[in-house]
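Undergrad: Copying in the features that Swiss-Prot gives for the protein in this structure:
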- Glu134: active site, nucleophile (ACT_SITE)
- Glu138: active site, proton donor (ACT_SITE)
- Glu138, Trp219, Thr230: chitin binding site (BINDING)
- 381-439: compositional bias 'Low complexity' (COMPBIAS)
- 451-477: compositional bias 'Low complexity' (COMPBIAS)
- Cys40-Cys48: disulfide bond (DISULFID)
- Asn117: N-linked glycosylation site (CARBOHYD)
- Asn177: N-linked glycosylation site (CARBOHYD)
- Asn201: N-linked glycosylation site (CARBOHYD)
- Asn482: GPI-anchor amidated asparagine (LIPID)
- 329-368: region 'Disordered' (REGION)
- 381-478: region 'Disordered' (REGION)
- 1-22: signal peptide (SIGNAL)
Amino acid sequence: MKVLDLLTVLSASSLLSTFAAAESTATADSTTAASSTASCNPLKTTGCTPDTALATSFSEDFSSSSKWFTDLKHAGEIKYGSDGLSMTLAKRYDNPSLKSNFYIMYGKLEVILKAANGTGIVSSFYLQSDDLDEIDIEWVGGDNTQFQSNFFSKGDTTTYDRGEFHGVDTPTDKFHNYTLDWAMDKTTWYLDGESVRVLSNTSSEGYPQSPMYLMMGIWAGGDPDNAAGTIEWAGGETNYNDAPFTMYIEKVIVTDYSTGKKYTYGDQSGSWESIEADGGSIYGRYDQAQEDFAVLANGGSISSSSTSSSTVSSSASSTVSSSVSSTVSSSASSTVSSSVSSTVSSSSSVSSSSSTSPSSSTATSSKTLASSSVTTSSSISSFEKQSSSSSKKTVASSSTSESIISSTKTPATVSSTTRSTVAPTTQQSSVSSDSPVQDKGGVATSSNDVTSSTTQISSKYTSTIQSSSSEASSTNSVQISNGADLAQSLPREGKLFSVLVALLALL
């Protein structure tokens, strides 16, 4: 068997395959391992199984075996632990490898990795499609100063100038952050957050554009049975007496830029336009994937892209709803508190275009001297007539005997004699417009238009005058629901006025 064919099936870098064009004898172990990763090429065969779509984003720390990847059961050792993943080549023919259980159709990947050392030892992290599109990141153990980037389109190896080398500080001794951003218009390779290479989709050598799975593993490019070109590229012949050779992966982040359950080749053109997303769309979650990646790269977590979108939407809706409710409540409270509309009128009905019903204003009076039906209503004539909560407003009294005094947070003067010290509560509760009137200490609250009957006034005034006739200068103390106490002394003239009003009411 040709080593070129063997390496292609193994999904190893096509750059390596280029140097392996010469014939060589492959071992039975290598042949068996190679056949286990063989896939159906939809550009050459019909009826290939659709590719399972990732259609989400995730971060994997490999503290235990991962649901996202399958151990290909090649010879070698794979361990999981608190420090992440280790893949060890302990002897000849070992080739520990993990393959993703999903495909992405464009996406972004990040790996925190320390490459294996050792002459001829190759550490690999790459994307590959069923029709042999490929995007690579590779390290050779004998070179502790750089890593390599490469790409291929449809397995085309007619030219060999696709690979590039990038300087990096001791990659076999230190962990570094390597990132691939495979977008529709370009692919970008990053080292520790810095762009080191950009490939445009207008490349004359083609551009990867079909669904790809993720592979990672370690193998011996310097095996003495390999072609001379492969051994040279890998840095020389591998000395297995120096084994074991281990590569380490601390974390992997993967995002898919597309949505759907499966990706299918619609024809044999191999173009991205021919790819069909079952139940989704190509590039349908690009923006969401960027958000997911940012969260995951900063140590955050998400359950899935759909959950993330739903959560963001729900959160936004909740925030808006909360803000609106808070604003309405605050506005209503502010309106009632700042409206100084002490009004003396005949069976007057105070109305408002506002539908807010702060009917929970439950001020109580310890000593009610002029306890007419002092009514708090959410129906304020207009927001435009509001004054600040600390403002005072003088309202002329009416000649009628029936009074409706709208409660206010600050004293207001009626005919320059009577002052109301009744203030509505500043805390609003959700009470429907048809909720019953709450009466505490002679202060009635209702969201309906309020009227004060002659009988109510007469009764209340009479009762009040009798209970407080001995108190010439008593304090009218009002207990507001938030615990604040306000007290004002009612002038003597005010009492006389109250008596006069009560007598008129009896006529």
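For all residues, glycine too, the Cβ spot is worked out from N, Cα and C.
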Undergrad: If you run the three-state DSSP split on Thr230 (chitin binding site), which class comes out?
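TA: In three-state terms, Thr230 (chitin binding site) counts as helix.
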Undergrad: Show which residues of the chain containing Cys48 (disulfide bond), separated from it by at least 6 in sequence, have their CB under 8 Å from its CB.
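TA: Expected: Ser39, Cys40, Asn41, Pro42, Asp130, Tyr265.
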Undergrad: Could you give the Cα-Cα distance between Trp219 (chitin binding site) and Glu138 (active site, proton donor), in whole Å?
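TA: Cα of Trp219 (chitin binding site) to Cα of Glu138 (active site, proton donor) measures 11 Å after rounding.
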Undergrad: So of Asn117, Asn177, Asn201, Thr230, which of the recorded positions has the fewest other Cβ atoms within 10 Å around its own Cβ?
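TA: Comparing Cβ neighbours within 10 Å for the recorded positions Asn117, Asn177, Asn201, Thr230, Asn201 has the fewest.
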Undergrad: Work out how many Å separate Glu134 (active site, nucleophile) and Asn177 (N-linked glycosylation site) at their Cα atoms, rounded off.
TA: 20
Undergrad: For Trp219 (chitin binding site), list the number of other Cβ atoms lying within 10 Å of its Cβ atom.
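TA: Result for Trp219 (chitin binding site): 31 neighbouring Cβ atoms inside 10 Å.
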Undergrad: Would you kindly give the Cα-Cα distance separating Asn201 (N-linked glycosylation site) and Glu138 (active site, proton donor), rounded to the nearest Å?
TA: 22
Undergrad: Do any of Asn117, Asn177, Asn201 (glycosylation sites) have a CA within 10 A of Thr230 (chitin binding site), and if so which?
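TA: Passing the 10 Å Cα cut: none.
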Undergrad: Just the number: how many Å between the Cα atoms of Asn177 (N-linked glycosylation site) and Asn201 (N-linked glycosylation site)?
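TA: With distance taken Cα to Cα, Asn201 (N-linked glycosylation site) is 24 Å from Asn177 (N-linked glycosylation site).
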Undergrad: Measuring Cα to Cα, tell me the gap between Asn201 (N-linked glycosylation site) and Asn117 (N-linked glycosylation site) in whole angstrom.
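TA: Cα-Cα distance, Asn201 (N-linked glycosylation site) to Asn117 (N-linked glycosylation site): 34 Å.
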